[in-house]
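Peer 1: Below: one structure in structure tokens.
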Amino acid sequence: MANPPPQLSVGYSTTIIPSNQDAPTSRPDAKLIPAPPFASPTAPRFPPPPLSRPDQIPSPSMRTPTMPSPVNGIRVGSPAPHLSTPPGPPVFSSPLRPAAVPFRTSPATPQPVAFSSGSSLPTSSPPHFSNGSIELLREASDATEQSVPDPESPYVLFSAHKVLKQKKLANIPSLGFGALISPGREILPGPQIIQRDPHRCQSCGAYANLYCNILPGSGQWQCVICRSLNGSEGEYIASSKEELRNLPELSSPLVDYVQTGNKRPGFVPVSDSRMSAPIVLVVDECLDEPHLQHLQSSLHAFVDSLPPTTRIGIVLYGRTVSVYDFSEESIASADVLPGSKSPTQEALKALIYGTGIYLSPIHASLPVVHLIFSSLSPYKLNNPEASRDRCLGTAVEVALAIIQGPSAEMTRGVVKRIGGNSRVIVCSGGPNTYGPGSVPHSFNHPNYPHLEKTALKWMENLGYEAHRHNTVVDILCAGTCPVRVPVLQPLAKASGGVLILHDDFGEAFGVNLQRASTRAAGSHGLLEIRCSDNILITQVIGPGEEAHTDSHETFKNDTSLSIQMPSVEETQSFSVSMETRGDIKSDYVFFQFVIHFSNVYQADISRVITVRLPTVDSVSAYLDSVQDEVAAVLIAKRTLLRAKTFSDAIDMRATIDERVKDIASKFGSQMPKSKLYRFPKELSLLPELLFHLRRGPLLGGIVGHEDERSVLRNLFLNASFDLSLHMAAPRCLMHREGGTFEELPAHDLAMQSDAAVVLDHGTDVFIWLGAELAAQEGKSAAALAACRTLAEELTEMRFPAPRILAFKEGSSQARYFVSRLIPAHKDPPYEQEARFPQLRTLTTEQRTKLKSSFLHFDDPSFCEWMRSLKVLPP
């Protein structure tokens, strides 16, 4: 039975929206934070005692990430729902110093699920078996169940590791159920690789996997999704069940089917360096002197960081478009096109087929590139920044044309295919106010709303055109001039790129320039999701859209959801919400996620991830399996999707309040002779994560400008689990002597005058130095250096690279730090100690001094907020 098509939501995220449900969260084993700071990229939380064993191995996601993998849409699917200077820093090799009372630190990826056995055949109307017997099938089934590894895949994180059998309880929307899928994530060791065609169910299109029942006598296998029996062309015929374990797809929940292109006539695999996709820099030339100097510095550093074989192009735009020619080895020359209208085919043909070279390997053109950047001059006229003519749209059109080049003329209809996605990186300091896709300088223009609507549509179409040519457009904005984010966002989104705002063109901008160019991107991405019959997908949020049925292969009874991805990158994830159609009778439910993509070597890859979750009758067993952090991120993404404006964000804070009350009333218990509810102890981390969300930059009043809020929101809706968690709830680490760090709850009680604290809030990392520490020059320099090193290591692979800001206690900038911490100083002492046990190590004098350092304000503490909802804090 096919999933009813949910409705397609527009916006940065793709969504399938028929239900307004919510999802549960991830509860990894608690443990003290290990040494290398970036080893645990998740937001740690605290109270529960540590459950970790000394021999426990960190989850794969806690390793240093490798570069992400690309993507290729190959096939499959069916009715798809809609998508919505100081001393040198210390070495971080020793373990972090444990807290006086252990705080809970959760690994980035929730811990492995303890699944049990596989499915059994349906009892009614058994299928006809040609070689083998019912007994043999049962024996094979038992074989499949023994020693089957069931680790949770780092690519897919479920909000709970068990599923409730009762529909009424399973579908309570305030908690909900769902998964986060990271298609481009790369881990070591990677998936098992298979270089042959997969065995697929002829009825629904699902792939053979380790949970299938197999008849070794005949080689037939039963699909776990639709229960149909399929042949294997003799490949699964075996003398014993152990023999089948030698096949990767029957022994691992995660495999990659790789086609290297040998079946394509004339295809020759080549090295990554030769296939590296070109990068075209589209640079705003309407900048004032200070901004331009910073930009020049960032651009020089950027090209020096590129691999020597990277092909680069440079386009400048203002009132005209200048395309730089690399045919002269020591001269910077450019061809100039008008910016008032889209370039004509004749003009582009004259450009592309002329004598100029507009894309050149860095090793051949580096001196000329540096010469071009050095020759950039500041804006000469007297117009204010927002009123300068910038033909950004025309410039991107020209950039796409030089990337495409004369490939259309290739013979026999063979289309040139480069490895991965090409990139256009726009460096902008103001709005697009001239030529196609532009808006008037002034909001007071009598026809502004209509012109903005036209510009939005034009920009979106340009983004889709870029995507058709395997090109991603990233827009990196900086400076103090508003860039009219709503007009530029559709261009980045439709092409699979991002739009990022920066304070200036300095360090963070330069780092993002480098990371934007190197984040591995696959092309031709397609994600398929298949679930057991009793599971219904109700909403998908992420960087993609419903795949057109003619873009992928479909099967007779295929009920899969297919999502097309403009690019496949490590920094992305999809949030999938699910419900049960009815009460579940079986002991397990199955999920299969397939990601098709092309990588930089032009290999077509189909990554198949199969997950089996046990079903339970017991609500407490279900709640025990809920992963608080995953659930919090799923709830946050569903909430943020609806917070399109500031007034929406205020409404969404109220929905979080209602959600917490509803979870307490449905899953908690009422206090005797009281109207208060006790929040379920199994979900003890969830309310605090949601409290951070409602008062933080995503929904609260910390971010002042609507453009900033819009960019943060769109980033969050597409972000990976780790980044999403940090953006919703900050992670707090206190510096200790010897260069170690102790993880603490993100409460203002951490602001002790003799301490240095790092607060990681996803797109911002803050370093706070207490006044007593700052007064000791040597100590404070060492602490600051250690904190900076930690901040850099925590965010080494993060995109966008966060701002790293440091300030001292009492400074005006310290308010940025204070506003992100829970004001726990307002709670009574016994409650402070219960949530922040580190206070017990302070003397009475120290505690009095700490208390006197806080100013009074109206913002409630977490405990005050919970009580206002008639719920006891967990």
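Cβ atoms here come from the backbone N, Cα and C positions, even for glycine.
From TrEMBL, for reference:
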COMPBIAS  10-24  compositional bias 'Polar residues'
COMPBIAS  34-52  compositional bias 'Pro residues'
COMPBIAS  58-70  compositional bias 'Low complexity'
COMPBIAS  116-127  compositional bias 'Low complexity'
DOMAIN    198-236  domain 'Zinc finger Sec23/Sec24-type'
DOMAIN    280-506  domain 'Sec23/Sec24 trunk'
DOMAIN    523-615  domain 'Sec23/Sec24 beta-sandwich'
DOMAIN    629-725  domain 'Sec23/Sec24 helical'
REGION    1-132  region 'Disordered'
Peer 1: Restricting to the domain 'Sec23/Sec24 helical' (629-725), what is the model's mean pLDDT?
Peer 2: 91
Peer 1: Report the DSSP secondary-structure composition of the domain 'Zinc finger Sec23/Sec24-type' (198-236) as helix, strand and coil residue counts.
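Peer 2: Across the domain 'Zinc finger Sec23/Sec24-type' (198-236), the residues distribute as 0 helix, 10 strand, 29 coil.
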Peer 1: Using DSSP, how many residues in the domain 'Sec23/Sec24 helical' (629-725) fall into helix, strand and coil?
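Peer 2: Helix, strand, coil within the domain 'Sec23/Sec24 helical' (629-725): 66 helix, 5 strand, 26 coil.
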Peer 1: Can you break down the domain 'Sec23/Sec24 beta-sandwich' (523-615) into helix, strand and coil residue counts using DSSP?
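Peer 2: Helix, strand, coil within the domain 'Sec23/Sec24 beta-sandwich' (523-615): 3 helix, 55 strand, 35 coil.
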